[in-house]
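All remarks here apply to the structure that follows.
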Amino acid sequence: MNLSKINTLLIASFFLFLTATVISHPQASFEASKTGLSMWWEVVFPSLLPFFILSELLIGFGIVRFVGVLLEPFMRPIFRVPGVGGFVLAMGMASGNPAGAKLTARLRQENQISRVEAERLASFTNSSNPLFIFGAVAVGFFQNASLGILLASAHYLGNLAVGLTMRSYGRKEEQHLRRKKTIPFPSVKDALHALHTARLAEKRPLGKILGDAVTSSVQTLLMVGGFIILFSVFNRLLSVVQLTDVLSVFTKGALTLFQLPTQLDIPLLSGMFEITLGSKLVSETDVSLLQKAIIVSFILGFSGFSVQAQVAGILSETDIRFKPFFIARLLQGVYAAVFVMLLWKPLYTAWHDPYQYVFKSLNSSDMSTAFINGWNLLVQIGPAVTLCALFTYIIIFSYRLTNGTKKG
């Protein structure tokens, strides 16, 4: 039996097992589905939709090309990606997973970047957003806003470290391309010219651009929601059928190798599937805060198989390969964990110096309140935003379907 047939058999067996487990444990599957749906409905959809729509509009109106010309002298020498990568990096950090992959795929579809450049770009522009790191993890799970500064710093430095590491990726594939020896200093005139050229090349009317931005964004988020629910169910079923204990042998071995407490084996395994659940379980473990921070930082950097599956689904619409992205997630997990250890004293221990107690208490309290209020507001208005967006999507889709039928 060749490797291809073995691969097919393994995939078929896995999904057969998953289906049988769902049927045999309907209550656990239902509860896990509700948990995943609630997360998508209340938080993921409303937090990502505005960024997705605005990004589509910025690409459609040529503003991304304007930014790209200005950032070319910085992004090209440092990360070996075009200037538009700076826009993707900023939007990816602000909005969170999987925005970086979504924007990278769009730029590749627009032929603004090569395949190798897209693979480099996707590797370091996907990250958790600050609201999740501070509001959900630091304040929500650990009740410690100061920890958010450490986790966010390590997370985003890990992103940049991955970008620097991946800049050497694909050199052989680019040997045939002729690159300019010197990159000119950014010119506003050239940037405006690129903006105008891109706008003239866009033949769609304003209404069509707006409609496409909404429908494309909603369709992507529907797919993201499906993956969140699927992995929520899968993670729960692993625990129900006690496979978690079997798989935790690997995480326990890794923890022992790095001299970390083996009590973190189940939380680490859960986090490798879904970051929210894993981070919550880590916060409840009875080990030192530094050890918890190291594992949570790795989980945030690795992003979890749930997010990686979302990214794989997005990248599958292009010729961008998933393997470099997966390797980059492993690297970011390791880098982020190392940065936590390096920054522990300057960013956390020093912040909790007893001589700085008054300053610490004031800022920590204000920060906690701000992020708690922000997170609670998102959860409160999230369902309404999701419902309105889905209603708008249905109207646009129905209108286009009706017009298409009439023309046919």
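Any Cβ shown, glycine's included, is placed from N, Cα and C.
Long-range Cβ contacts of the transmembrane segment (6-26) within its own chain (Cβ-Cβ under 8 Å, at least 6 residues beyond either end) map to 233-234, 237, 240-241. The annotation transmembrane segment is assigned in Swiss-Prot to 6-26 (among others).
Under the heading transmembrane segment, Swiss-Prot lists 43-63 (among others), citing sequence analysis as support.
Per Swiss-Prot, the feature transmembrane segment maps to 81-101 (among others).
What Swiss-Prot records for 131-151 (among others) is transmembrane segment, and it gives sequence analysis as the kind of evidence.
What Swiss-Prot lists as transmembrane segment is 214-234 (among others), and the listing cites sequence analysis.
Feature annotation from Swiss-Prot assigns transmembrane segment to 294-314 (among others); the stated evidence is sequence analysis. Long-range contacts of the transmembrane segment (294-314) within the same chain: residues 97-98, 101-102, 105, 122, 126, 128, 133, 137, 151, 154-155, 158, 220, 223-224, 227-228, 230-232, 260, 264, 267-268, 271-275, 278-279, 282-283, 322, 325-326, 329-330, 332-337, 339-341, each at least 6 residues beyond the stretch ends and with a Cβ under 8 Å from a Cβ of the stretch.
Residues of the same chain lying 6 or more positions beyond the ends of the transmembrane segment (324-344) and with a Cβ under 8 Å from any Cβ of it are 101, 119-120, 122-124, 126, 150-151, 153-155, 157-159, 161-162, 165-166, 169, 290, 293-295, 297-303, 308, 311-312, 315. The transmembrane segment annotation in Swiss-Prot covers 324-344 (among others) and is backed by sequence analysis.
Under the heading transmembrane segment, Swiss-Prot lists 377-397 (among others), citing sequence analysis as support.
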